[in-house]
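Structure first, then comments.
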Amino acid sequence: MAVETAAAKYSSSSWPWSNKRFFVAQITLRILATAFSLAAVSLMITGTQTVLVFLVQMKVTYSSSSAWRFLFGANIVTCILSVLSLIFVCLISRSASHMKYFLLFLHDMVTMVLLISGCAAASAIGYVGKYGELKMGWGPVCGFAPKFCNRSTISLVLSYLAFLCYMGLTILSAHKLLSRATE
């Protein structure tokens, strides 16, 4: 019983600045996720390179690979959903309910899973592009298109940063949801 009163005394809902900190963290992480995903998309679009391989001119772009197209789409969806959820968070700050926190948690989790799946697919293809898979007869191609590979790597890092923002948002939303359930 003493443990319950101590936990209730220091719970996040009784902390005077907890709601303000929650919303500031939500807004900050959503703005960062938007910025990271938008920067990743812009690097993918501008990362095209024309290369000459065995006297054949080829244009290397993100749309050449289904994994990079998937990451591109995941970043666009993340950017749009981040802006929409930013509006939702501003609205939720006025009248918060258990259902609104649940929807926020669900949104954050789905967006996080979408991003990590895109990042994982692009990481696998990026690894093969950089190092090859010699047992399969696939040689590394980054030596032929270094501009594309460098921009793709930076874009992938930015996508992982957006994922980390959404992982933090999912944890924050889950914590807020659980703290509201114990009230």
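The backbone N, Cα and C atoms fix where each Cβ goes, and this holds for glycine too.
Automatic prediction, not curation, is the source of TrEMBL annotations.
Here TrEMBL flags 21-165 as domain 'Casparian strip membrane protein'.
Residues or ranges marked as transmembrane segment by TrEMBL: 31-56 (among others).
The feature transmembrane segment is assigned by TrEMBL to 68-92 (among others).
For 104-128 (among others), the entry in TrEMBL reads transmembrane segment. Beyond the ends of the transmembrane segment (104-128), by six or more residues, the same chain brings 37, 65, 67-68, 70-71, 73-75, 77-78, 81-82, 85, 88-89, 92, 138, 149, 152-153, 156, 159-160, 162-163, 166-167, 169-170, 173-174, 176-177 to within a C-beta distance below 8 angstroms of the stretch.
Taken from TrEMBL, the feature transmembrane segment applies to 154-174 (among others).
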Long-range environment of the transmembrane segment (68-92) - Cβ separation under 8 angstroms, sequence gap at least 6:
23, 26-27, 30-31, 33-34, 37-38, 40-41, 44, 62, 100-101, 103-104, 107-108, 111, 114-115, 117-119, 121-122, 125, 152, 155-156, 159, 162, 166
Mind checking how the domain 'Casparian strip membrane protein' (21-165) divides into helix, strand and coil residues in DSSP?
113 helix, 12 strand, 20 coil
